[in-house]
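Per TrEMBL, the features are as follows:
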DOMAIN    4-119  domain 'Tetrahydrofolate dehydrogenase/cyclohydrolase catalytic'
DOMAIN    138-289  domain 'Tetrahydrofolate dehydrogenase/cyclohydrolase NAD(P)-binding'
BINDING   164, 165, 166, 234  NADP(+) binding site
Ligand code: NDP
C-alpha cells in the first residue's frame, strides 16, 4: 500500500505555478488575481477561504476577499458579482458555498461570468466538461486526476466506481474518469443514495472514489484487493480531546481499508490539498484567457 500524498503533490503543483507567475511578473505583467466572496461566518467556509488565500500568497497570485454579512440580500450579492465580472483586473471569481438559505445558490452560480468561473460550477463550464471541450474543471475532481497522474496510475480500461453524484464532486469526477483523455477511459459506475447492491458494486472497483460525506462509510469488505481508493469526504466529527473540539474524518474506514489497497489517500492530507491546487491552476488558466496571454 502506498499513500497518495496530497501535501507532496500539491506542493509540486504550487511550485510550478509559482515559477510561472514569477516569470510573468518579472516580464512586467500583472499577477493573476482571484476574488473570493464569503457570505456569513460558517466556520468550515472561513477555514477553506483562509487556506485558499494562503495558497494564493504562496504562489504569487493576488487574492481579494469580499466578506458579506449572513443577512446580505441576494441582489446585493449579485451586484458584487457583476462588479467583479466587469473588473478587467480580476481573472477568477468564486463564491464560497454553502450560502445562507435565503439566497438562491443556482442563481448565484449562473451569474458568475463563465470566463471567470474558476470553481467550474457554471452550467457553461459543466456543459463543456460533458462534451470534452477545454473548460474550468471543478477543483476537487481536477485535484484527484492530477493526483492519479502524478503517481502514474493508469485509468484506461479500469473499472471505476464513484460514490456520490453532486455537481461539485461526484458527477464531474465520473465525467473525467470516463472521458477520452489521458486521465480517463475508465468504465465508470456512479452510485448514490438509491443505488441497490452498492457494497457489491464498490467491491468490483479498480478505482473507488468515495464522495458522499458519510464518515467511515467505505469498509474493508467493500474494497477489492489492490484497488486504488480516493477519499474525498471531509466531515467534522466531535472530538472533546482535540483542541478545536472536532477532527476531520473521511468517507473511508482508513485503518481497515488501507491494507487492502495499492494506493489510498489519507484524510486529512489527501484530496483536500489537491482541491486548492486545482483552484490555483484554474486561476492561472483564467488569467491567460482573460489577459490574452500567449506562452
Ligand atoms: P453532497 O451532499 O452534495 O452529495 C453527496 C452525494 O452522496 C449525493 O449524491 C448522495 O446521493 C450521495 N450519498 C449520500 N449518502 C449516501 C449513501 N448512504 N449511499 C450512497 N450514496 C450516498 O456532497 P458533496 O459532493 O458536496 O461532498 C461530498 C463529500 O466530499 C463531503 O464530505 C464534502 O465535505 C467533501 N468535499 C471535499 C472536498 C475536498 O476538497 N476534499 C471538496 C468538496 C466536498 P443522492 O444524490 O441520492 O442524495
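Any Cβ shown, glycine's included, is placed from N, Cα and C.
In the three-state DSSP scheme, residue 166 (NADP(+) binding site) falls into the coil class. Mapped onto DSSP classes, the domain 'Tetrahydrofolate dehydrogenase/cyclohydrolase catalytic' (4-119) shows 60 helix, 18 strand, 38 coil.
Less than 8 angstroms from the CB of residue 164 (NADP(+) binding site) sit 170, 173, 191, 192, 209, 210, 211, 212, 213, 232, each of them six or more residues away in the same chain. Summarising model confidence by region, the domain 'Tetrahydrofolate dehydrogenase/cyclohydrolase NAD(P)-binding' (138-289) averages a pLDDT of 97.
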